[in-house]
Amino acid sequence: MEILRGSPALSAFRITKLLSRCQDAHLLVSDIYAEYVHFADVSAPLSADEHARLQRLLQYGPSLPEHPPAGRLLLVTPRPGTISPWSSKATDIAHNCGLSQILRLERGLAFSIQGPDLNESQWKQLAALLHDRMMEAVFTDLQQAEQLFSHHQPAPVQRVDILGQGRSALEQANIKLGLALAQDEIDYLLTAFTGLGRNPTDIELYMFAQANSEHCRHKIFNADWVIDGVVQPKTLFKMIKNTFEHTPDYVLSAYKDNAAVMEGSQVGRFYATAEKGIYDYHQEEAHILMKVETHNHPTAISPWPGAATGSGGEIRDEGATGRGAKPKAGLVGFSVSNLRIPGFEQPWEENFGKPDRIVTALDIMTEGPLGGAAFNNEFGRPALLGYFRTYEERVNSHNGIELRGYHKPIMLAGGLGNIRADHVQKGEITVGAKLVVLGGPSMNIGLGGGAASSMASGQSDADLDFASVQRDNPEMERRCQEVIDRCWQLGEYNPILFIHDVGAGGLSNAMPELVNDGGRGGRFELRDILNDEPGMSPLEVWCNESQERYVLAVAPAQMALFDEICRRERAPYAVIGEATEEKHLLLNDRHFGNQPIDMPLDVLLGKTPKMLRDVTRLQAKGDALQRADISLAEAVKRIMHLPAVAEKTFLITIGDRTVTGMVTRDQMVGPWQIPVADCAVTSASLDSYYGEAMSLGERAPVALLDFAASARLAVGEALTNIAATQIGELKRIKLSANWMSAAGHPGEDAGLYDAVRAVGEELCPALEITIPVGKDSMSMKTRWQEGHEQREMTSPLSLVITAFARIEDVRRTVTPQLRTDKGDNALLLIDLGAGHNALGATALTQVYRQLGDKPADVRNVQQLAGFFNAMQRLVADQHLLAYHDRSDGGLLVTLAEMAFAGHCGVTVDIQSLGNDALAALFNEELGAVIQVRAEQRADVEKLLADHGLANCVHYLGRAVAGDTFDIRSGTDVVYSEKRSTLRLWWAETSWQMQRLRDNPDCADQEHQAKQDESDPGLNVKLTFDPAEDIAAPFILKQARPKVAVLREQGVNSHVEMAAAFHRAGFDAVDVHMSDLLAGRTDLQSFQTLVACGGFSYGDVLGAGEGWAKSILFNDRVRDEFEAFFHRPTTLALGVCNGCQMMSNLRELIPGAEHWPRFVRNLSDSFEARFSLVEVASSPSLFMQDMVGSRMPIAVSHGEGQVEVRDAAHLAALEQSHLVALRFVNNHGVVTEQYPANPNGSANGITAVTSVSGRATVMMPHPERVFRTVSNSWHPEEWGEDSPWMRMFRNARKQLG
C-alpha cells in the first residue's frame, strides 16, 4: 500500500464549526487541522516515474503545508469492506492516465487534534463527531488503512435445514437474515420447498423476502379489506386503477412498467446520428414519462446517500421505461419532524426524543437535500420542483394523546422524461437472449433495503440498518444513461429488448422480474457478475443493492453493437446469463461448483398468501381553535418562519436548474429571483414551444382530522399549482399518487382506505383525471425507549400528489410576480372554499400547537373543474398578469409571496370575506389570487361566472409600487407592515439553515442583500442588436464548419452546447475522450473545439483536473491538443467543467500563461444562480461587439472561484486585458459580494481569454440560455434568440 498526502480538506469556517461542536460536547480541543490522505493498492511496486505521475495526479485543491501540524491523529476512512464512489472514479482516472498497476485508490481524512490529553471515552466521543458511523470508520494510525484493501476468499452458500428442523429453521433464518417474513409466508415457503424435496439456500430465502416485501409487492394495496365488519368491494389498487378505466385518454402505459407514459408532442429531438456523430434535429413524437418514488428508511439512517440514491433510483426507473427512455427534469421533497435550529428554536417546537439509530430532522434537512441535489447535478438532470414540510406534535387523536410527526421522514424523488413512440412498450425476450447487467460492480452495500424499508424504524437490528445504507455514484449512472440514449436513438435498431433498473433487492429482484415480465426463465453464472469484493457470499453478490445498475435483455446478434456503445461510453457491463423457455431460475456458481438458486419462478413470484386487512374506522374530531393567545401580528411572524411557508432558497440554489437548456420555468421567479413558482415547466425540445409541466400537492396534517379531505386537498392543490400553464383540457393532466401510512396503527388502515376511495372512486373520476402511477410506503412509524418510557412517533397519513401535463406553449406560463408596470390593476381572490374558511390543521394552528377541528376540503368538484377551465382560457388569452394559488399560510402568505416576487406593495380589503379576519387570512381552502388589468376586470369576472364561479370571486384591491403591505376590512386596518419586513421574516429560516450548512459569512451577505430596498432586480443593457443574425451570410453559403463537441465521462451539458453551435451554422460533432484516446477521431479535422460542462469523473481529483491530466499524461493526445491550440485558424471554448479542464491545459495554449485555476466556491457549496454579468473589454473572438453589455446568465458550479498565485498574478491577468466576463450586482457594479458573485472570485472574474482571443474559458453557461424561453427571467421584447446566441454566431463569423 502506497500512502500519499493530499490537500487541506476543510475550510476555515468548517474547522470553526467543528471546534464549536467540540466545545458544546465539553471536549477540550484547542485546534483541528484536516488534510486528505490517499492510499494506493498496487499490483506491483511503482517506478520512480510512475510514483511521480501518481503524486501529480493526486495534487488538487489548495496547496499543502510542508508538514502537518503536530497533534494526535484520527484518520477517517470509508468503512472497511466498502468502496467509496470517490475510489471508483479516482481509480478510473489513474487507469486512463496509464497507471494500470493501481488496483484501487482510496481517500481518507486525517485529523490532527491539538489540546490537552483526552481520556479514552472522550476520544470516542470526539471520533463520533468527526465521522458518519453509517459510512465511515476511524483509525489512529495510517497503516491501519491496509484494512481498506483486505481481500477475502469467497464465502460459500448456506442451506437452511427445513427437512430436518422444519418450521423452526425458517423462523430462525427469518430473524438472523432480517427477512421480515409474515407467518403465512413462512408456511408458504415450508410447503414449497418440502414439495421440491430439498432445503432452501439462504440466497433463495433472501431473494424471496426481497421480491415479496411490502416495498416490492405492495401487499396492503393488493389486500382484501373488511372495515367495521363489512367486506369492501375493491382493493386499494383497484380503486386507483378505476381512474384509468374511467379516463384512459392520452395514457400510453400504466401500472406495468418502471414509469407511466402519456402522449407528448411532435418535436425535433436533438441528438447525434450513429453513423457520423453529427448532431441534428429528428422529428418524432416525444411522449412523456412520469415517476415519483420515496426513499424514506435510508434517508432516516444516513441522509446524504439515502436522498442521493433515492433520486438515483427514480432516475433509473425513468431510463428503464419501455425499451429505454430519457430522464429530463426532477423533483425532490421532504417531510420531517421539527428542525429545532440551534439559536432559532420556534415556539411550537418541543423535543420528544428519538431513537439513536436515526438522525435528527435538522441533520436530514442539512445533508439530505445536498445528497438529492448532488445526484441530480452530477447526473445532469435539473431539479425544478419540491416541497418541505415539518410536523411533530403531541396530538389529541382518535387514540387519545399521542405523538404524530416524521421521525421516519418522507424523502420524495420524482420527475419526468421523454420516450419514443416505438419504445413505449417493452419488446419480446427471445429464448437465448443475453441477460446483461449494465453499470457498476457489486459491492457489499444496501443489503436488505426492500425488507428494511418495510419495517417501522426501530424494529430491525442495528446491524441491518448499517447494511441497508447505500452509496451513490451519479457519474456512473450518467455513463449508463449515455448507453441507453445511444440505443434508443437507433430507433428500430435499438439493441435493448427489455430493461429494468436494479433497485430494492438488487439482482435478486431485478433479474427474476426481467425474465418473468418477458415470459421467460433464466440461467445465470454468479461469477460473471462484476464484483469489486470477491469475498462476498453468493447471497451478498446476488442480493446487494449496489446502485447505478440496470438489467437488460439483448439479442445475441446485437451484442457486438451493444459492446461497442458501452466501450465508447466507458460503461461497464457483464453478460451473466441467457433467457430460457422454461420459467425457472438457475444460478450456477463455478467457484464452488454448485447452484445457489434452482427454483421455479412461480415459487418466487407466484400466488403467495393474499393479505386481509380487518380494521375499524377511527377519526379524531379535534378541538375548536383556542384564540385567546393568538395575536394576528405575532401569528404572521410565526407563520413566516414555519418551514412549509418560509423561503426555501437554501434548498433550491444547491440544485442545477438549467442543465439541458430546456428549462422554461424553475422555482425562481422574476427579476428578484424569488422562489415562489407554482410549478415546473420544460420545453419538449430545443426547437419548439411545446412542453411539459409538473406540480405538487400535499396537505398531510389535515389527515389528523379527516383522512379523505387530506387526500382530496392534495389533488386539488396539485391542480391549482399547475393551472396557470397552457394545458388545454383537464383530462390532459395525469397524477402520481404517493401514499405514506403507519399501517397497523389504530385507525390508519381504514383512514387509508377512505382516502384512496375519495380520490380513486370519487374525485378523480369526476374530474376525468387518471392516476397511472404511484408508490406506497406503509411503515411510517418510529419506536424507541426514552428513559423508562416506550415512545412512538407516527406520521399522519400522507398523500403526495404530483401532476404532470403536456403544455401547448411554454411562453404562456404565468408566475406569481405582481406587475406594477402594466397600468392600473386588480387583485381577485377565487375562493374555492366558498366562504367556509376552515382553520383546522393549518399553518396557523401548527404554530400555536393546536390542531383545530374542521379542516379545508374540496367543497365543490364542479367548481374545481370550472376553475381550471377558466384559468386555461385566461392563460390562452393572456389576460393574467400574475397568478398564485392559496396554500400553506393562507391568503396572507399568497399575497405576500406575490408582492415579494414583484418587489412591490399591495393594498387590499377583505371585508367581502366575512367578519373573521383570522379565518379569512389564514384558512387554507383551495383557491388562487390573480392579477388582471383594471380595464379587463369586468370581462374576467364574467368569464369566471360563466364557469360557475360567481360566488367564489372577490375583488381584493391592487398591487402598488413601494413597500406597503396593507390589509383592511372596510375602514378598519386589519394588518399593516412593510413588505420588506415580511420578506426578511420569510427568509430567516432559510438563512439560518444556510448559516449552519454553508459558509456563514456568505449566508449573512445574502441576507444583507435582501435588505436593499433599492435593488432594481436583474436588468439588461446591450451594446448590440440580439435580433441581428451576423452568421446568416455564412450560413447562406451552405458551408458548415465542424466543431468538436468534446465530452468526458460525467460531462452532461454537451447536447445544448451542440444545439447552440448548430443554430449558429456549425456541424456539431459528438467527440468523446475515448474516441481521441483510442485514435478513432482526431482534432486535425476540426476548426473549433468546445469542452463542455458537467462533472468529468465526478470532479473527484479537482473539478476538470482528472480530465486535463488524462490529456497531459498521454503523449499522443497531449501533442494533438497542443497542435490544435497552436493552429492559427482554430477557436476553442471551455465552459464550466470544460473551463476548469482547459485552465489546467494552459501550458498547451499560447497566450494562456496568466490563466487562473478554478477552485471551491467561497460558500463551500454548489451554486446554481441566474447571475448578472458584464462583458469586459478583451481580445476574445467569442465576445466581439458585445463589450459593455450586461445580461443574466446561468451559473451552476461548485468550483468556480478564481485562484491566482498571488497579487502579482492577478495584476498581470488584469493588465493583459484577458478578463472576458465579470459578475456585477443588479446596480451594474463589479462585485465580489455573495450571491451576486456566487463563487467569490476576485474582481468578479468569471471568464478569461488567451492573448489572441482564440481560446476562451468561462464558468457560466451561455449554451443553456441561448433561447429566450430558457431564461428564468428576460425582458418581454426579446425574440426567439437570447443575446447569448451572439457568442456562437461570433464564432461562425470568425471562421468566414
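Note: Cβ is positioned from N, Cα and C throughout, glycine not excepted.
Within the same chain, residues at least six positions away from C1136 (active site, nucleophile) with a Cβ under 8 Å of its Cβ are S1053, C1092, G1093, G1094, S1196, H1197, G1200, M1258, M1259, P1260, H1261. Under the DSSP three-state reduction, C1136 (active site, nucleophile) is assigned to coil, being neither helix nor strand. According to Swiss-Prot, the active site, nucleophile annotation covers C1136, on the basis of sequence analysis.
Marked as active site by Swiss-Prot on the basis of sequence analysis: H1261 (among others).
E1263 (active site) has a Cβ environment of 30 other Cβ atoms inside 10 Å. Annotated active site per Swiss-Prot: E1263 (among others), in sequence order, evidence recorded as sequence analysis.
Counting only same-chain residues six or more apart in sequence, the Cβ atoms lying under 8 angstroms from the Cβ of N721 (Mg(2+) binding site) belong to D678, C679, S695, L696, G697, A803, D885, S887. The annotation Mg(2+) binding site is assigned in Swiss-Prot to D678, E717, N721, D885 on the grounds of sequence analysis.
Annotation source Swiss-Prot lists compositional bias 'Basic and acidic residues' at 1000-1013.
Sequence annotations record features per position, and here Swiss-Prot assigns domain 'Glutamine amidotransferase type-1' to 1043-1296 based on sequence analysis.
Taken from Swiss-Prot, the feature region 'Disordered' covers 304-323 (among others). According to DSSP, the secondary structure content of the region 'Disordered' (304-323) in residues is 16 helix, 0 strand, 4 coil.
What Swiss-Prot lists as region 'Disordered' is 1000-1019 (among others). For the region 'Disordered' (1000-1019), the DSSP-based tally of helix, strand and coil residues reads 10 helix, 0 strand, 10 coil.
Rounded to a whole number, the distance between the Cα atoms of E717 (Mg(2+) binding site) and E1263 (active site) is 35 Å. Long-range Cβ contacts of E717 (Mg(2+) binding site) within its own chain (separation 6+, distance under 8 Å): L696, G697, E698, R699, I801, D885, S887, L926.
Averaged across the domain 'Glutamine amidotransferase type-1' (1043-1296), pLDDT for the predicted model comes to 97. What surrounds the Mg(2+) site, by Cβ distance within 8 Å of the Cβ centroid and not counting D678, E717, N721, D885, is the set C679, S695, L696, G697, A718, L719, T720, I722, A723, S887, A928 from the same chain.
The number of other Cβ atoms within 10 Å of the Cβ belonging to D678 (Mg(2+) binding site), over all protein chains shown, comes to 27.
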